[in-house]
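Asks: Annotation comment: Swiss-Prot describes 285-312 as coiled coil, evidence class sequence analysis. Annotation comment: Swiss-Prot describes 54-63 as compositional bias 'Basic residues'. According to Swiss-Prot, the feature O-acetylserine maps to Ser3, an assignment based on experimental evidence. Among the features that Swiss-Prot reports, phosphoserine is placed at Ser8, Ser19, Ser50. The N6-acetyllysine feature in Swiss-Prot is assigned to Lys556, Lys631. Residues or ranges marked as region 'Disordered' in Swiss-Prot: 1-25, 48-75. Annotation comment: Swiss-Prot describes 479-500 as repeat 'PbH1 1'. Per Swiss-Prot, repeat 'PbH1 2' is recorded for 501-523. As annotated by Swiss-Prot, repeat 'PbH1 4' applies to 560-582.
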Amino acid sequence: MESDATTSEPKASVGSDSSPAEQTVLATLRDSVAAPTRGFMSPVRSVVASPRPVKGKAARRRLQLPPVTQAETCDEEPVPAVPEDQEEAQPLPPIYASPMRGMWRSEKVALYCDQVLQGSKAEDAEEAMSRYLLEKLKAKDRWLGVWKSNPELFFEKYEEASIPFVGILVEVTCKPRQNLSSCFKVTVSVAEPFSSNIANIPRDLVDEVLGELEYSAPLLEVYPVDGQDADVRDIALALEVVRFFYDFLWRDWDDEENCENYTALIEERINLWCDIQDGTIPGPIAQRFKKTLEKYKNKRVELIEYQSNIKEDPSAAEAVECWKKYYEIVMLCGLLKMWEDLRLRVHGPFFPRILRRRKGKRDFGKTITHIVAKVMTTDMVKNLSSDTLLQQHNDLNLALDSCYSGDIVVIFPGEYQASNLALLTDDITIKGVGKREEIMITSEPSHDSFVVSKADNVKLMQLSLIQQGTVDGIVVVESGHLTLENCLLKCEGTGVCVLTGASLTITNSEITGAQGAGVELYPGSIAILEGNEIHHCNNLRTSDSSKSTLGGVNMKVLPAPKLKMTNNHIYNNNGYGVSILQPSEQFFIVAEAALNKGAASGDKKDDKMLSKVMQTLNVEMNNNRIEANLKGDIRIVTG
């Protein structure tokens, strides 16, 4: 593995009989593929590179005997049995628990930026990490650890899920080296009592593997055993610091790009990791980011291994395959950079979600009422006029796909899913028949968005919208106007987002469970809220106080949004009832009396809470009950 990881040049040369086109491809290949593989020349990074993907689907350990019948059904040779007198390995002792998850983000930033990197550039990061680790290793040259080795060293075939690593209790000997990078290799020997996470692994096999490796193992694969002295505990922490850096903070393209302030970039990635951990970034998109990052790492390893198997005079097919692998890496790299730049924020819609054109009205000018129900009866349409054009669907998605501007979609009780709710471009009305709790529309977890509108006038009436897994707001108004009337919104991500220039009317509805604010108004948006309940929002698990202020309604200003609130009940939110996000205090003016005019007693619970508001802020509040919110009722928040 390590020899593969240190390949420095792609093996692609041109034979004398190659065509000009092939020569061009291969020459381009040398220049372009060399760049993404330079990162693998580092002994540090090769140690912590992602393990090679398992080849094949067979799953049977070489030296653990399965039932003979199983081997026969698989048409494979029976494997030799482990001798009955073979001594079973003892269970592994506990290792030091990683302190990284327990650190506050400010502590992580101080550790990496101030203590370890100390202003280093990206190309000097490896040396800085090596120097930091070597300093800790000087305190103790012998200690016990668990070597978590690659199962491929011991097994021909195995289940990666059931055997993520082969753990062996070893005694570690650290010898000072002249080269900083070489300190990432240490001498190991089997410690007594013989211990492993695989009870029946033969000791002679372990000795054989260690002999082949010259009793040397990557230091970052060794985890110090708990219960040793303070020096070993410091070594364990240092190892976790280095592992965390290369697993989560380092990118292979870092030393290939000019970054004026590398520590600032590391701080951004620490914030990104913390936002994923504390739920600021919803789980589905965080999972997608992690999978893309892992795929990127694996593709780089695949490229290096493919290059190492190419002969001195590669064929055109090999060159093209090498180029394809490189192209995949470039695409994944670009995607990761884009996601990192956008910070994956649940608060900020950075791009249009709808790229579909409006249909407009039908050619013959008529509108259709779409009935969504498994079976349609005459009773369902008795209240409709005799000239109403009807179309029945048993699928809400098909009904929405059939709509033109002016159509009405009538939904009868049941449970529905419809990805087309995220593509509302025409002026339609979607309404339920019966109690809103009986018309349940759930989002599809595989989609980013649930309900997104950019039509001039869309109405949703008497519906329950239940968000499951989508990462966007439960309802996003990109442009135009959207009305929610007598609806129940059970959020899992953010609540209702009204983007710049869009407008929203919510009446007699209930919004609950949002990770951020229940209603989020972007600069220049308009919202009218009447007779609603907004509660139990801002369920972010975060230590960042700036994010914990969001609650019922959040307004982002410059230019100021317009908000009219009447007869709303905003309660039991983890942030403020109403928060107004300002960029800086230089725009504040004193207008406490204006904002409190006409407010109910709940709005004035603390007269000192609101002392300044935006000069151009257009807020009208009448007879609202804002109470029992964790942070308070109304607050200006400086961004």
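Including glycine, each Cβ sits where the backbone N, Cα and C put it.
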Asks: Starting from the Cβ of Lys556 (N6-acetyllysine), draw a 10 Å sphere and report how many other Cβ atoms land inside it.
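Replies: The Cβ of Lys556 (N6-acetyllysine) has 23 Cβ neighbours within 10 Å.
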Asks: Can you tell me how far the Cα of Lys631 (N6-acetyllysine) sits from the Cα of Lys556 (N6-acetyllysine), in Å?
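Replies: Roughly 18 Å, rounded to the nearest whole number.
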Asks: Would you count the other C-beta atoms found within 10 angstroms of the C-beta of Lys631 (N6-acetyllysine) for me?
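Replies: So the Cβ neighbour count for Lys631 (N6-acetyllysine) comes to 19.
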Asks: In the repeat 'PbH1 4' (560-582), how many residues does DSSP put in helix, strand and coil?
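Replies: The repeat 'PbH1 4' (560-582) comes out at 0 helix, 15 strand, 8 coil.
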Asks: I'm checking region-level scores; what's the whole-number mean pLDDT for the repeat 'PbH1 2' (501-523)?
Replies: 91
Asks: Where DSSP helix means H, G or I and strand means E or B, what are the helix, strand and coil counts for the repeat 'PbH1 2' (501-523)?
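Replies: Across the repeat 'PbH1 2' (501-523), DSSP assigns the residues as follows: 0 helix, 11 strand, 12 coil.
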Asks: Across the repeat 'PbH1 1' (479-500), what are the DSSP residue counts per state (helix, strand, coil)?
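Replies: Its residues divide into 0 helix, 13 strand, 9 coil.
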